[in-house]
Amino acid sequence: MQHYGVNGYSLHAMNSLSAMYNLHQQAAQQAQHAPDYRPSVHALTLAERLAGCTFQDIILEARYGSQHRKQRRSRTAFTAQQLEALEKTFQKTHYPDVVMRERLAMCTNLPEARVQVWFKNRRAKFRKKQRSLQKEQLQKQKEAEGSHGEGKAEAPTPDTQLDTEQPPRLPGSDPPAELHLSLSEQSASESAPEDQPDREEDPRAGAEDPKAEKSPGADSKGLGCKRGSPKADSPGSLTITPVAPGGGLLGPSHSYSSSPLSLFRLQEQFRQHMAATNNLVHYSSFEVGGPAPAAAAAAAAVPYLGVNMAPLGSLHCQSYYQSLSAAAAAHQGVWGSPLLPAPPAGLAPASATLNSKTTSIENLRLRAKQHAASLGLDTLPN
């Protein structure tokens, strides 16, 4: 005897098709009174189950069993208690085993297949929720990065404004050097008018060198150029600067007086002084020695060699200047002969003739080279 299980019920209780037909008629009459009543599938009785089927389906089911057609199962409606039990179990584990599913089915009065399918759907729902959360987090991170990027893009704008404001300040760093040069030029231009009274008192100076008739502005420019480039002090340029004993020494000493005394500047002053004395040395060999005021004039001219320079023996570089003074004494007795003041007006023609013979450019260049070679200044740094 075959038993065909339909939702927990067997068909062996039905003995004939007539009995089944009678049940069907009764169920149809009951369904007409309450057509909107659709209880849960598990709560349906056999009469209610048969009420939804046609007579042909009942005959086919009785003859061939329930496997002759594809069964259409209605959607299971879970109660609140069933859902609560299922959710608690899902919080414990997402993959319950068979034993856990059987117990849960007994507790919730649900078939084990429904429990298994519910867990499968619940896992799919959980994965979908996780993906949506990840997408939201990524979107928030992108928005945060975009806001940070905009903040960084906005932050450099004040920096660029500062950079645009800074270039005008860069030329402002040059004024100290420009001020220094302008001060040196101003001091040279101030020293140039001081030279002019000496030139006016010395009528022989105008007859000595025709190049001495340059304007004070030209002298100041020459001094500025000489201070800017030390290499410009060639023997040819040395012949232009010294004109008078006081005049040739005032310009460089005045411009150097604002800065500390250094070895390089002392060398420059020494070269200028020696170039100035080259034009004056030959006077001591041809003319009578200066009177008593000559020593006073030499003493008055000495402070212009530097910042109130002491005698060579009392300087810090004593050995260096002793060697220089020895070489200078060996060469024409430069330091021994005093700097001569302006001679009387009667000796001007004779001195002019001597000057025209001895102060030519070639002789002066030769004298400067010989003097530099004797002092060993060619090996010194320029």
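Glycine residues also receive a Cβ, built from the backbone N, Cα and C atoms like all the rest.
What Swiss-Prot says about this protein:
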- 1-156: region 'Interaction with OTX2 and is required for repressor activity' (REGION)
- 71-130: DNA-binding region (DNA_BIND)
- 128-252: region 'Disordered' (REGION)
- 133-153: compositional bias 'Basic and acidic residues' (COMPBIAS)
- 178-191: compositional bias 'Low complexity' (COMPBIAS)
- 201-216: compositional bias 'Basic and acidic residues' (COMPBIAS)
- 359-372: motif 'OAR' (MOTIF)
Under DSSP, the DNA-binding region (71-130) has how many residues in helix, strand and coil?
43 helix, 0 strand, 17 coil
Just give the helix, strand and coil counts over the motif 'OAR' (359-372), going by DSSP.
12 helix, 0 strand, 2 coil
Please count the residues of the compositional bias 'Basic and acidic residues' (133-153) that DSSP assigns to helix (H, G, I), strand (E, B) and coil.
21 helix, 0 strand, 0 coil
Do you know the mean pLDDT across the DNA-binding region (71-130)?
94
